[in-house]
Amino acid sequence: MKVAVLGAAGGIGQALALLLKNQLPSGSELSLYDIAPVTPGVAVDLSHIPTAVKIKGFSGEDATPALEGADVVLISAGVARKPGMDRSDLFNVNAGIVKNLVQQIAKTCPKACVGIITNPVNTTVAIAAEVLKKAGVYDKNKLFGVTTLDIIRSNTFVAELKGKLPTEVEVPVIGGHSGVTILPLLSQIPGVSFTEQEAAELTKRIQNAGTEVVEAKAGGGSATLSMGQAAARFGLSLVRALQGEKGVVECAYVEGDGQYARFFSQPLLLGKNGVEERKSIGTLSAFEQHSLDAMLYTLKKDIQLGEDFINK
């Protein structure tokens, strides 16, 4: 099993690479790519960790050597948020980066499962899909927007509020991956209930958690370590499913049947070919249903922006 991390010299990429070096199954290969010249050195640094995961680093304009034979590609390349920016402000820079890298994936490892971490995810996933489609290699079961950070934040905040162990809480989060499009299904957590006010406040905190980190870092960065952990969790789940483990379920942002929007985050059963089944989002509370209806315009607009970037 070979996993490639693109954008591996950045804050998320280095954290993700460290976690994968420690947690990938024995015998796996990990390849790191970034435009930054430090990348081969990051791989050398990580190579001193005594796990049976082979690691190599590549830098420069060409990601091809890192992508050859990859089963899973995780893309965290791009610029990070600064105070006062929201994820959509990143679009102008990151759209071109994702387009370029996905074009290289289409040529080099078109059958790989691709997880997009680069924000704005609502839009960059649509860009990736259109690039793969143009190249004639698009498989909607193999392209994911990694929204796992919304899930782990929800788990943490719910556990804090309700005095639970964070490891016993699993909150499904649907919709997209920015602002109002992030919708935690708090009504679906077994054995936990919320007042309407608690649900509204907690939903808002989860939606704005990224901004909380950006402001706390006072201009020194965005959520890199928690995002690295979230991306590692998703990547490792994908690897387990590709290797034949049954019953692996994660929420991610994928193309579905278009019931709500072309791309939508929902619980997925993962399998040997990527998405095995898009699971139902279940019954929503009145607050959740209202939030879902209210976000769809924003989500569809974000998606359209990505489609137009490639097709216009």
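Each residue's number is its place along the chain shown, starting with 1.
Placed from the backbone N, Cα and C atoms, the Cβ positions cover glycine too.
What Swiss-Prot says about this protein:
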- His177: active site, proton acceptor (ACT_SITE)
- Gly7, Ala8, Ala9, Gly10, Gly11, Ile12, Gly13, Asp34, Asn94, Ile117, Thr118, Asn119, Met227: NAD(+) binding site (BINDING)
- Arg81, Arg87, Asn119, Arg153: substrate binding site (BINDING)
Subset of binding-site residues (Gly11, Gly13, Arg81, Thr118, Asn119, Arg153) lying within 10 A of the residue listed as 'active site, proton acceptor', CA to CA, in sequence order: Asn119
Neighbourhood of Gly11 (NAD(+) binding site), C-beta criterion under 8 angstroms, separation at least six: Ala80, Gly221, Ser222, Thr224, Leu225, Gly228
Least surrounded among the binding-site residues, given as Asn94, Thr118, Asn119, when other CB atoms within 10 Å are counted: Asn94
Distance from Arg153 (substrate binding site) back to Met227 (NAD(+) binding site), taken between C-alpha atoms, in Å: 10
Farthest-apart CA atoms of Gly7, Ala8, Ala9, Gly10, Gly11, Ile12, Gly13, Asp34, Asn94, Ile117, Thr118, Asn119, Met227, residues recorded for NAD(+), distance in Å: 18
Spatial neighbour of Gly7 (NAD(+) binding site) that is closest, considering only the binding-site residues Arg81, Asn119, Arg153 and their CA atoms: Asn119
From Ala9, Gly13, Asn94, the binding-site residues whose CA lies within 10 Å of that of Asn119 (substrate binding site): Asn94
Thr118 (NAD(+) binding site) in three-state DSSP notation: coil
Separation of alpha carbons, Asn94 (NAD(+) binding site) and Arg153 (substrate binding site) (Å): 24
Per DSSP, three-state class assigned to Asn94 (NAD(+) binding site): helix
Euclidean distance between Cα atoms of Arg81 (substrate binding site) and Thr118 (NAD(+) binding site), Å: 11
Cα-to-Cα gap, Asn94 (NAD(+) binding site) vs Arg81 (substrate binding site), nearest whole Å: 11
Number of Cβ atoms other than its own within 10 Å, given for Gly7 (NAD(+) binding site): 27
Pairwise Cα distance for Gly13 (NAD(+) binding site)/Arg81 (substrate binding site) [Å, integer]: 15
